[in-house]
Structures are given as structure tokens and as C-alpha cells.
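Per Swiss-Prot, region 'Disordered' is recorded for 1-74. Taken from Swiss-Prot, the feature topological domain 'Extracellular' applies to 185-1045. What Swiss-Prot records for ASN226, ASN234, ASN402, ASN473, ASN512, ASN577, ASN893, ASN902, ASN988 is N-linked glycosylation site, and it gives sequence analysis as the kind of evidence. What Swiss-Prot lists as active site is ASP430, and the listing cites similarity to another entry.
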Amino acid sequence: MAPPDSTHGGSFRDHLKTNDRSSTSKGKQRYAPLHEAIPEEISSFRSPSEYADADTDSDSDHENSGSYQLRPVDRYGSHHSSAFIPVIRDDGGVETYLDSITEAEQELLSASKQYDLFDDDDSDDLDSDEEATLRYKLKDRLKRRRARLQAWPPVKYARIWWRTLLAVIVTLAVVVWGFLSFAVSHREEPKVWPMVPSDSWFPSPKGGTLKHWEESYKKAQSLVRNMTLVEKVNITTGIGWQMGLCVGNTGLRFADHVSAFPAGITTGSTWNRELMRERGVAMGREARLKGVNVLLGPSMGPLGMMPAGGRNWEGFGSDPVLQAVAAAETIRGIQSNGVMATAKHFVMNEQEHFRQPFEWGIPTALSSNVGDRALHEVFAWPFAESIRADVASVMCSYQMVNNSHACENSKLLNGILKDELGFQGFVQSDWLAQRSGINSVLGGLDMSMPGDGLHWVDGKSLWGSELTRAVLNTSVPVERLNDMVTRIVAAWYHLGQDTWERPPPEGNGGPNFSSWTNDKVGWLHTGSNDGSYAVVNHYVDAQGTGPEAHSIIARKVAAEGTVLLKNVDRTLPLSRNASSPSGGILRVGIYGDDAGPASGPNACPDRGCNQGTLATGWGSGTVEFPYLVSPIEALESAWSTEIESTAYLRNAVMPADAVDKDLCLVFVNADSGEGYISAGGIHGDRNDLFLQKGGDTLVRTVASNCGGGQGKTVIVIHAVGPVVMESWIDLPGVHAVLLSNLPGQESGNALMDVLFGEVDASGRLPYTIGKSLEDYGPGAQVLYEPNAPVPQADFLDALYIDYRHFDRYNITPRFEFGFGLSYTTFELSDLSISPLQRKSRSPPPRPADAVAPPVYDTSLPDPASALFPTGFQPIFKYIYPYLSNLDGTAPRNYSFYPKGYNETQSPSPAGGGAGGHPALYEEMVSVKLQVSNTGDRKGQEVVQLYVSFPPDVTEEGDWVEVDSDADKTGEKQRERMKIEFPERVLRNFTKIELEPSERREVQMTLSRKDLSYWSTREQNWVMPEGKFQIWVGRSSRDLPLMGEY
């Protein structure tokens, strides 16, 4: 989710008011969201020469570039970045542009088609005459735009026109010949996706088909069948931003007396399933004590395809299996408290740039374009495991997927999530990710959050009263609304929230805190300021006490999530009784802004700045820190003997500051976050993978001068993701490197645990650290500038994410995926592989639904029953399901349904259970080995299991004509298509703790799905014939054991 911080709500509302052509300041072209921007842009279209004069602040370097400058307005009303869009100079270009903005299920010209039902000023729909008028005006504007282009003066050709013409003809012939030759000899998937909508999948499958949800759906059916129309609509639509008391994410955002746990990326670095679940338990417990029903996490999208992606740190790592295991364990932990977890963001939310149009001044969000196989094998894999973990809610993402908005993408929500993966809970939108009314209902969205439509806090919802109207006039089938409501209510019953004990203090069971004020008394509806004042904060401490204190699990996760990357001559662990090599007092230097508390952890809203020690990224995935133990504070009491320490809590130091030190501790970081915040020149996504704030220079300066070249330098990195460290990692002065990721409130304490060896260095990398950003491949680069009116991010090689790409192209990383040193040593031996079932190509036929979904009366009520009750006084900007009048409630022949709406799809053969066909999760192989601690310390080893698929796998392709004798007619046969696989893929892992000389057996299993690939032709998981190679080791490139199956 990405709402603006409450402390800046006024500024953001001011921006919304001014984000309009009629109120732009001279020389600053402002762009409103699509449904406003397109008609106005068309009506005021100017030639390129006019554009050249339009922006008095344009960069002179671009005066003749054929581009004009868009200046996006951010939430604070300031200009942080510019996007250059090519000017359309010919009629064909205009036609192409207009075609592009009218595709994608009628999304991009939604002002004339989609929002006629859902974008009103006074809760009134446009009647049919107004609709016709709007469409007529729009078409007229388009005609006038083309006419102006055709009226441009013709180009005066030079006298050498014939030479130019000849050159053009020759060039075209060469290009055509080359293209045809390439097409014949190189039959592959196209390297760009055409800008066409995603496949359609209708109707939206009904919930209540799985046995373990049966009781919950029965209870829900009993309740829903007695609800009125407006009561049903009320459940599906949020009440509006800041209209309630709370908003929550990873932890409890904007709440008092809650814990700031280590980030997801730190949790993934533990590779410890038990800790993953314990962290989830603690998070769910705090939500329960604060009266929160739904926790908006965990995040498993972004997956980390782009190492510079701004929100990667909220997830658990750049591998679908690691991400899936951590997400599933977190969900089980959260929901063990009766709190609903939310699997987000479904799906392909891999970058922050252009995720929302109003954040970047573009017509609509970018499209993440991905193939069916990569979608299943990489990006949807964690969501499938989350559904197997019984997650109650899934959040759809901001951007488009294959040019259809994720929150109305019927293929994703209906076809994959609800049918194939058997999701029984409800789909909620990310905050303001809903971009249409009817299409989102039919496309599979069940709950609109926070209820606002296209703008924050404007009181206009795409659903609310407009959904009531759409059901009454039959634009939306009432049975679809019934399923939406039933899914939500069934999830409430499924988590036992109907029997919740009311959280302290005794009250109505709702939130006992306000996200919008720290005062005891405050507004009940902050977004309205309607005068409703009450006690809103009861200051309930949810952090636990004594042995149940959540700080304990936070510290454990932070410590086990710390990765030891380098350790020359056992520099670490440090001794608490250390002395100088000369026998005197140890002289310690502490360097870097990242070591200190600076202005405190909550100095910037939503942690939207990089100051002091970095303990979390920024954005809606953060919390208000109850405290933060910085490294410098923890170091003050770290030694048991007297030492001489000097702190330089800045990143600019002189060589002389290090020459007299025996030990130099350098603290550096790299930060990023959600796209609605820009900090330090970073607009959500990182600009590169280097350390920030001069960190690389700081490391080189200290490491080259510590002790005059005789001292030892230890580097501690706090980072949101991979950091390129080539400029200093091999310096002889760099003796040890610790990657502490984002450790949360117990940062300093957890670091001391590892630094001084109280716990083993047992973290392992959840991603690959390359030697440059380019090492990750062209498909892993953030799209920083729009490449089309609707930015297109093509995930052409998404099957080869992270270490898979390095393996594919034999690129040597600095530190591979899964890498991490320990303070002891381990040996893996005695691998044995045992089949548990016979191989078979495909799962058996899809099982029938275990339970029939609820059935309701679909008759419509009297429209008058949906009017505001007599004498009712609405709260300003609060979202209601009631109608203010009966306009547009008569049944109508609605004709703007998305493409494919009238085509019923067949159930997926890969479905039939939670997470997919039950047979996919049957164990096929047992893998056993012995693990021995061969060192002199207790330690933990992460045993990682990888699979290589058989070579030369093929499947039937298209029909092709085969050569035949001259006297015979031609014949056709299916060609065989070669199926490519990554060199190896992670499929299982476990973490084991051993005493010195201890030896223990480890057993892991592989499921059918682990040994299958997604066949785009068969639309099912297929286990290929041939021998699989099964690798076991310590990282993706340290795999001493291999066997075959």
C-alpha cells in the first residue's frame, strides 16, 4: 500500500487540488490522472514548435531532441524528476498513440467509457444523454487533433531527393531481407510484448469449494443471505483514507507501543523456518492486542527481479522457494493469533518507478509484461504456497500486468488465483490501486481499499454507492456481489474473529489506537474533521514482557539474519577482553553516520530519509520505532576491559583519523523504499548498487590507513539489498565484512551478539551480490524513464532471476546466492536419494470441488431501499453504500464489458486444491545426508538442496509442413520444441545447529511440483522424462554432494 503519511495529508490534498490544467503555474505542465488528463490533453494539443516554447524551464540540452518535458508533481507539490516522452510528429504516430491509449480492456480512455458510471461529482451517474455527449466530444477532439496534424506544412525536399529515395529503398530492402532471414533461422519468443490486454478469464470463480473452509462458508452464507444490498456493498468498500482509526502493514504502522521487527529481507537471510514463524506469531499477537483484524503482510512481491527495486527489502529474497517458505511460515504465525494475513503484492510489482500515474505525471501505470511460464514458476510460486498456508487475503498490486491493471486483471485474479490456485479468501486492492468500477468487480477484486476512488480523501469511490447503483441497474450481477461479500465474511469466521475476546481496554472490539495522532483524544474521522472527537488512543502495550517480550525474537532474527561475507585470519569474533597487539589498551575507531542514532529512528515520516543507523527501509512497510539500539550505543558496553575508543559519526574522515587505531569499525549503508517518498535523490528505487552517502570512499579511506596499515578493519553494512563492493572488498586492510541487512529495533544488540561470537554467524545471502549492476542482466534493470506513453517493462528472461542468470551466462559473482561464512566449519556427506513414488508426466485429472459454493436469491430489491435513510447526516467525504437519488438504477443494457466477458473458461487442470492440484504437493523423493561440525565452536549450517532438470527436454509444438517426395503430397507433423531450464534451482533447505564434533542426519523431500515445469501448451505442470540431478551444499555454487533421480 502507498498512502501518504498523515502528517503531510494537508500538503497532499493541496497537491490534488492544484493537479489540474486550469490551475497550473506558468511554464509548469502538470498532469492529472488519466480520466482527467487525456481529454484535456487532446483538446489542447499543440505542435512540437508550440511545445518547445511551452516550458520555460526545459533543459537546453533537449531543445532539439524531439521531446517535451513532463514534470510530475509529487505528494509534497515539488518537482523531483522529469520524464521525456517523444513528440508524435505524424498522423500514423498519432493513430498508434491513440490506439495504445484505447486498449487494455477499455482502461486507458476510461473517462469516456469506464468512469461514466463511477466518477460523479454529486453521487449522481451520467445519464445516457450525457454519456453520448461525452463520447461525441471526445471523438470530435480526436478528429480535430488529427486534422491539425494533417494541416502541418509539407516538408520541402532537397534537390538530391532521388539520392535520398534510393538510399531509403536500399536500406529498407536490407532490413526486410535481414528480418526475414532472422525469422526463418531463429524461431523464438518475441523479445518485446505487443501492447495488448492480458488474456481474459470469466466469470469470477465462487469461493467455498474446499473442505477446510466449508464450515466458515456455511456461517457466512447464513449471515449474508439476511443482508440488504447496501449492507453487502458496505462490506466490500473501505470508508476512505483517514476515515477510520488505523492502517497497518508489516507490523502496525502509525501505532504506539508496538515492535519494529527486522525487515523481511533480514528474516529471509536467517534461512530459519522456525524464526520466520516466530516473528509472524509476534506480529499477529501485537495486531490482536491492538484490535486489528487484518495485517497487511507479508510481502512476497516484489520478488527482487531488479536488485535496485525500492521495496525488495519488504520481501524475503530473490528466489521463489525461499520467498515462498518465509511467506508461508509468516502467514501461519500471524494467523495463529486469529488475525488475517495478507499475501501481497499480486503480482509483478518489481519496481517503484511508474507504479502509480499520479506519482510520476504519466497517463497510467507501467505494465509489467511476463510470459506464462515465468509467471507460474517464479512470481506466482510464493502466492501458491501462501494459499497452501491458508492465507485469508491477497492484495493486488498497483501496476498493470500484460497491459491490464493488476486489480482488474481477470486472468490473474479469476483464472490463476481463484481457479487454479483455489484461493478461498478475498482479494483487496492496494491503497488506490483500483482503477475502474465494473471491470474490477468482474475481474476478481473483492474489496476496495481504502475506499477512495482515483484520489486521496475526495469522498468519491469507484464502488460504494456506485456499486449499489451498478447492481441495481444490472451492470454488475448480484451473484458476483454475493460472492465478494461471502468471501470476506467467510474469512472473518475462518480466523475465529466472531468469537474474539475484545482487546483491552474493554470496548467495541475495534482498534484501541489512532494512526493519525499520538494524543489520547482526537478525531474519529481525521479525513473529514467533522467534529467527532473522542478518546482514540488507549496506549495498550502490545510488545510483550519478560520471556514473552517480542524484543527477544526481534533480536534473534536480526542476529541470525546477519551474513558474514569475509573473515580474514578469523578476525571475527572479537574478544571482549582484547588488548592492543603491543600489549597496551586496545584503540578502537568507530566510523560512519550509520553507527549513530543521529536524530532518532522516527525523525522522518515513514522513515523517509537516510540519517543515522539504517534499521529499515522507507514507506508503508515501516512502523514507529519504540526504540532503536544503535551500534554506537551497544559498543559502549561491549568490552569487559578498558579500551580507548573514538567515534567519527560522519562519512567524511581524514586518513589521520585512522592511523593510530588497532581496530577500525566502519558502518555504511544503502537505503530505498516506496515510490511516494523521495530521499537523497532516490525516488523509491535505488539509482545504483553502490553504498550511499560516500560510503565507498569512507571504507577505502579507513581500510587503507587503519593503524598505519597494520590495523584491522571490520565493515558493517546495513542495506536494503545487494551492494557492489568491488572498489574495496579485496583491499588488504579489509579483514571482515558483516552484512546486517535491516535489523529493526534491536540493531546494536544483535550486532554485538554476532560481532563478539555470542551466536554463530549463520546468516546466508537471500540474493546474489554481483560485481556490477550489469552482471544481473538487461532484464534486471529498473525502467527509470518512460519508454512509451504507457511504460512497458518486459520481463523477457524472468525465468532466470538472480543466481539463475549468473549461472546461465557463467558470470562469477562476488558472493553467490545462499553464501555465508560461519565461525566454525561443517562437512556434508553420505548423500542418499530414495524415490517415494513412481514418476508420471502429469498430475491426475483435476478433482471435483469438495463442496458446493453457497447459493443465494438473486432477485433485486426495490431501489428506494438503497437511499440514504431519512434524516441521516452523512459525514463529509466518508464513503457510504447509500444512494442520494435513484438516477441510473433502472436496468440497462450495459455494453462496456471487458473483452472475453461472455466467454466462459474451463477450469484449469492444474487446480483443484489449495495452492493448486493436490497431487502437485505429494512427496516424490526423499533426500538424506549427514552433516558434521568439524570446527571448535557450536554453529548453525544451512543445508541447501538444488535441482537440475534433465537435458534435451522437448514437447510438442506447432504443426509444420515436412519435406516429402516429389510425387507425394506434403504432410504436416508437430515440431518438437526444446524446453530450456535454469542450470539449477533451489527446491528445499533446512537449518541445523550442531555442537563441535556432532554429526546428525538431515532429511528433505521433493514434491511433484518441485520436479515439474509449467507447460504453456498444456497449461499444466509437467514432470519431464530423464534423470534429474540433485545437488546439496552450502550455497548455489558450493554444492559438494550430487546424486541422480
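The backbone N, Cα and C atoms fix where each Cβ goes, and this holds for glycine too.
Keep in mind it's a predicted model, so treat the numbers as computed, not measured.
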Practice problem: Please give the average pLDDT for the topological domain 'Extracellular' (185-1045) in this predicted model. | Solution: 95
Quiz item: Here are some glycosylation sites: ASN402, ASN473. Which one has the most Cβ atoms within 10 Å of its Cβ?
Solution: ASN402
Quiz item: Among the glycosylation sites listed here (ASN226, ASN234, ASN473), which has the Cα closest to the Cα of ASN512 (N-linked glycosylation site)?
Solution: ASN234
Exercise. Report the member of ASN512, ASN893, ASN988 (the glycosylation sites) whose C-beta atom has the most other C-beta atoms within 10 angstroms.
Key: ASN512
Quiz prompt | Candidates ASN226, ASN234, ASN902: member of the glycosylation sites with the richest Cβ shell (10 Å) | solution = ASN234
Exercise. Could you list the residues of the same chain, at least six apart in sequence, whose Cβ is under 8 A from the Cβ of ASN577 (N-linked glycosylation site)?
Key: TRP639, SER640, THR641
Quiz item: Listed recorded positions are ASP430, ASN893, ASN988; which of them have CA atoms within 10 A of the CA of ASN473 (N-linked glycosylation site)?
Solution: ASN893
Self-check item: In three-state DSSP terms, the structure that ASN902 (N-linked glycosylation site) belongs to
Solution: coil
Exercise. Find the shortest Cα-Cα separation between ASN902 (N-linked glycosylation site) and the glycosylation sites ASN226, ASN893, ASN988, and name the residue that gives it.
Key: ASN893
Quiz item: What is the nearest of the recorded positions ASN226, ASN234, ASP430, ASN988 to ASN893 (N-linked glycosylation site), using the Cα of each?
Solution: ASN234
Self-check item: Cβ atoms near the residue listed as 'active site' (within 10 Å, other residues, all chains)
Solution: 27
Quiz item: If you run the three-state DSSP split on ASN473 (N-linked glycosylation site), which class comes out?
Solution: coil
